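The active site, proton donor feature in TrEMBL is assigned to B:Glu408. The substrate binding site annotation in TrEMBL covers B:His28, B:His259, B:Arg354, B:Ser381, B:His458, B:Asp466, B:His470, B:Arg517. What TrEMBL records for B:His68, B:Gly117, B:Pro118, B:Leu119, B:Gly156, B:Asn185, B:His259, B:Phe434 is thiamine diphosphate binding site. Taken from TrEMBL, the feature Mg(2+) binding site applies to B:Asp155, B:Asn185, B:Ile187. The annotation domain 'Transketolase-like pyrimidine-binding' is assigned in TrEMBL to B:351-522. Here TrEMBL flags B:His28, B:His259 as site 'Important for catalytic activity'. The transmembrane segment annotation in TrEMBL covers B:62-82.
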Protein chains: 2
Amino acid sequence: MTTEMRRQMANAIRFLSADAVEAAGSGHPGLPMGAADIATVLFTRFLTFDPKRPDWPNRDRFVFSAGHGSMLLYSLLYLLGYGDIGLDDIRRFRQLGSKAAGHPEHGLAAGIEATTGPLGQGTGNAVGMALAERILNARFGDDIVDHYTYVLLGDGCLMEGISQEAIALAGHLKLSRLIFIWDDNGITIDGKVSLADSTNQLARFEACGWQALSCDGHDHDAIAAALEAAKASDQPTLIAAKTTIGFGAPGKAGTEKAHGAPLGKAEIAAAREALGWPHPPFEVPSGVLDQWRIAGLRSGTRRKEWETRFAEVDAETRGEFERRMRGDLPSGFTQAMHRFKRRMNEERPQIATRKASEAALEEINAVVPEMIGGSADLSGSNNTRTSQTAAITPGDYSGRFVHYGIREHAMAAAMNGMALHGGLIPYSGTFLTFSDYCRGALRLSALMGIRVIHVMTHDSIGLGEDGPTHQPVEHLAALRAIPNMLVFRPADAVETAECWQLALENRAAPSILALSRQTLPTVRLDEHDENKSARGAYEIDPASGEAKVTIYATGSEVAIAVDARRQLEASGIPTRVVSVPSFELFRRQTAEYRRALVDDDSLKLAIEAGVRQGWDEMIGREGLFIGMTGFGASGPAEELYAHFGITAEAAVAAVTERLGETGESEEAEAE
Amino acid sequence: MTTEMRRQMANAIRFLSADAVEAAGSGHPGLPMGAADIATVLFTRFLTFDPKRPDWPNRDRFVFSAGHGSMLLYSLLYLLGYGDIGLDDIRRFRQLGSKAAGHPEHGLAAGIEATTGPLGQGTGNAVGMALAERILNARFGDDIVDHYTYVLLGDGCLMEGISQEAIALAGHLKLSRLIFIWDDNGITIDGKVSLADSTNQLARFEACGWQALSCDGHDHDAIAAALEAAKASDQPTLIAAKTTIGFGAPGKAGTEKAHGAPLGKAEIAAAREALGWPHPPFEVPSGVLDQWRIAGLRSGTRRKEWETRFAEVDAETRGEFERRMRGDLPSGFTQAMHRFKRRMNEERPQIATRKASEAALEEINAVVPEMIGGSADLSGSNNTRTSQTAAITPGDYSGRFVHYGIREHAMAAAMNGMALHGGLIPYSGTFLTFSDYCRGALRLSALMGIRVIHVMTHDSIGLGEDGPTHQPVEHLAALRAIPNMLVFRPADAVETAECWQLALENRAAPSILALSRQTLPTVRLDEHDENKSARGAYEIDPASGEAKVTIYATGSEVAIAVDARRQLEASGIPTRVVSVPSFELFRRQTAEYRRALVDDDSLKLAIEAGVRQGWDEMIGREGLFIGMTGFGASGPAEELYAHFGITAEAAVAAVTERLGETGESEEAEAE
């Protein structure tokens, strides 16, 4: 191919992007114009993929961490012949209903491997994908899984802490098939990078165990040489590709003015002149488009060869690989969970739910080999490691447990990447209070609707002496606020098993299991196989007659509710207890079911060792609430529960007082 | 002093710590035992402070980032003669009411410069303190402000992304008076650091513009030499002090077993033997205690010299410095705010609240010179930069604006550090959705009760085309869930000014100002000086008669509510609008005031372009809510509001339908 053709292929990206931003009246032309050469080299000469089979499992992954430059990706997908993004979408860039949304959204169109935009997330995703590739390679061999993961990232990604966590982790794990291309344009929104940063990025990567290269990001052969060197390395590689933001726009290139706003008609016209692109907006000359489409067909043969190889693999392995990639659970899973629940019902253990979770995981990991565990350096506290999960170590990926280090944000982002890669179900652990440290990645898992499971232990003041910095108070509410996030807080070993089952069965949502540090009794009495936690809320302990009082509780507070019920019943007050392992699942129940639990005339009391926010949905404004109104304190758990008034006695007193008031004056109830 | 005495002084820390952990039955003996030598050298030979005047403004700051080793700090505070921590507190380590809490809590005892425990936060705090020192030095000169900031941190701190953000920022800003001492013991909770990390830490610091040194962390002279070199550098310095975790405990030293659990009686006895410390628990021989107390008096003369110098400064400068350190606002502040509000009332501008905030800041920054602005690379979007705020640059700290870079977490932690240092009021900006990225630091600001102000713009789907990754939906709820966090969402320019005033006047709480990207009308009609937003919620638009409907709204949705009211009033339905700039302040009002707003018989409707969670507190379970139930979408703001049904028309329809239902069947209302 001639140099001129390559240049024009890059220009096709530049003008599709700049014109789309212009039409939208907003967006980011600078990155697509600056990184068009990098993208052209990568997608026409390196990246292995097949637009006809965008879900081909062994494709190279491309993560566009600098997601604000989304038009680069949409241009590529159109030019390469992915069917999902058409010129219509590009013309309607950033308009409601267009697949060419403001930032790339996974699921909107084939070829978008991850939803990106919040900076740095893509680096973590890519580390997870590269790790998933190695784990699956260790299990299925080179013939089936053997690909690279490429990332295009910007200065902003590198400044974010999440990236530095991810980079250190990738270097440690020697993920040599991971290649970062840094669009090194020296510009951020505020102006020159030097306003806020003086880091020697190459040296910093090298300190983390990476190969670090640099090249002229507009010289196709230099880019190609760097990519060749990256592929050959036994370390992950950073390529610092020096570019000019807004390349070709004579008045704005190289400045922040090209970053995040339309160039304007005159500037685009001048760019057309400068780059020799006389074509009208959204028109790509057929010669150029043909070359792009040919590039799109480049790896078709390799894909077919892979299919041939795959067809020759033994049926069991093939079936297993396909099952995993589909995300189906193994056939033995449900039975294993029933068996475990029955055992818990028999044994009625007195254990912390984090220990119950460990026991459940022991069963799950035995039958679900795609479970990949981990912890942010709290393995023994989160109880996420089971007998099946040997550690994954640098260069040996046959294990099933990741020591993520004290890197909650990269951990969660890497888990997102594993789930996006497919073939694995990542679960992991930290303390619930540190959900704050990984919330950026948690939110994206919910937005993408992917199955990642976070074990978050030490879920209340019940953790005791570590004190308020470690005691979650607002975290249940804050996590429940995230759309499409399943927040489970099981009450005992039986519910813990049920919640694990639900987390695994809900393929289109992330789950959080909030678990106790402290020992809890088994409160579930029945021995049915029905997963009652699937209801979100259910009557765990009925009233002796028509309920005069309903006590709602979650997790460790269900036992307190059961105790309070006992005392109230003893005083002749019929009381029922409703366990609420998941607000989200409760909302999915029929109106009739919900009404039966929340719309009767009983006095409502909720007990949860957290803030009240959200509970009025169950108990109404007039309902009683026993929980936290501020931060916790350092002390033994039982003393803290007494100190903050989260006890059966306090519950009984509150109910008795209210019932007394109501007797005296009906008006009082509304206060 | 003899080497033996120094050794015994360090042993005093070791055994106070190990014995306190033993008595508590939980805690972290490993770090205090390992870092005792470092602490001894630092506190007896370097750190300038006076236990008699722990709030002496020019003291060196010591931030204990590895807060889990809290007994190290409590031991030091007791040994040095700080009055607040006595042996009783140490004996009652981690017990309810003890000042020696599980993790160091700022405010519980003098000498605790920051609440730490969540790893990495201390590094960000220290960067803020070191920056505050330079900023105040630039204003008040070497005679008044001229000190160092020391940090003791662990492997966990270094793995957290927040630290890498803070380190890069400090290196960029050339904060040469910032000295990190890394307790380089090679151990984390899970085991050896090498399980999860292979980083060359020294090289990584050097890449960020730091001097990086290493020394034997048990060799007092080597530690001292490193500290001397650190003080002399024109860069910030890392000292990697190689230590043995649990130093002296023969069976557990150097392993994770020494990290986070009591050593056990036998092991402590063996340590006493090994280190030559025959004294019973909690007894420090008088010779050793005397030497510690003398060390505590070390800087008394320097403190008095400072006071003499300070007394000689001109009265105006002295008064200004004292005012700032007290945290009082200047006398002209209230008047300036009134003036601005009156102007807004006259002009009735049609501007985004982020622009209104900029205008308010222009007034505030003119009269409150301690305001230090900033942004995480969104200066032009957050509108946090005013005519008074020149940029702070490496080596020149005379400006008032920090380019934090794309480092939200370090930004928030550094702001905490500035507020803790005193003399400055830090405010800064990012998008509301990125509150997720800095939540760890936000929480600690609320826990510590310090005045930091976060401008968080682009506060809803109203930001438009950037789409769901950038559109906050759950963030208002998630932030309101944090105890002691003031979340303001002003409706127009008048309320924006009021909320700014409240944020500045609330000295014991952090504030978040959630501001619109999109243009909004001025909705406030009255022209009184009273700060109505201080009520948290108030009637902004009364009903023509007894209200049959009350519409609650915040921020950009108040204008929608006002429009809906107009339409309903036109249909003969008396309707009032209640603006709710702050849930937290509303809760502080009298029961009578609150009842008047939420306990009448009117039909309740709330409008907020976020999730419903939390609103039932105002409108009850039966109330109507117009807002978001999932993530947003990419498109023009107005189309999104229509798409998601957040319009005056939808409000009118919902009210009309409900009133119709209620007319037909009283029962329906309870559904």
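Even glycines carry a Cβ here, placed using N, Cα and C.
Worth saying up front: this structure is predicted, and the values here are computed from it rather than measured.
Candidate binding-site residues B:Pro118, B:Gly156, B:Arg354, B:His458, B:Asp466, B:His470 yield B:Pro118, B:Gly156, B:Asp466, B:His470 as lying near chain A, with Cβ-Cβ distance under 8 angstroms.
Every protein chain shown contributes to the tally, and the Cβ of B:His259 (substrate binding site) ends up with 23 other Cβ atoms within 10 Å. If you take the CA of B:Asn185 (thiamine diphosphate binding site) and look 10 A around it, the binding-site residues you hit from B:Asp155, B:Ser381, B:His458 are B:Asp155.
For the pair B:Gly117 (thiamine diphosphate binding site) and B:His28 (substrate binding site), the C-alpha distance works out to 12 angstrom.
Between the C-alpha atoms of B:Asp466 (substrate binding site) and B:Leu119 (thiamine diphosphate binding site), the distance comes to 32 Å. B:Phe434 (thiamine diphosphate binding site) is 13 Å away from B:Ser381 (substrate binding site) when you measure Cα to Cα. Listed in sequence order, the residues of the same chain lying 6 or more apart from B:His68 (thiamine diphosphate binding site) and placing their CB within less than 8 Å of its CB are B:His28, B:Leu31, B:His103, B:Gly117, B:Gly260. Here the candidates are the recorded positions B:Asp155, B:His259, B:Arg354, B:Glu408, B:His458, and by Cα distance the one nearest B:Phe434 (thiamine diphosphate binding site) turns out to be B:Glu408. Local packing around the Cβ, expressed as the count of other Cβ atoms within 10 angstroms, is greatest for B:Glu408 among the recorded positions B:Asp155, B:Glu408, B:Asp466. A Cα-Cα distance of 33 Å separates B:Arg354 (substrate binding site) from B:Leu119 (thiamine diphosphate binding site). Annotation: no binding-site residues among B:Pro118, B:Leu119, B:His458 have CA atoms within 10 angstroms of the CA of B:Ile187 (Mg(2+) binding site).
Here the C-alpha separation of B:Glu408 (active site, proton donor) and B:His458 (substrate binding site) works out to 15 Å. Of all Cβ atoms in the protein chains displayed, 30 besides its own lie within 10 Å of the Cβ of B:Leu119 (thiamine diphosphate binding site). In the shown protein chains, 28 other C-beta atoms lie within 10 A of the C-beta of B:Ile187 (Mg(2+) binding site).
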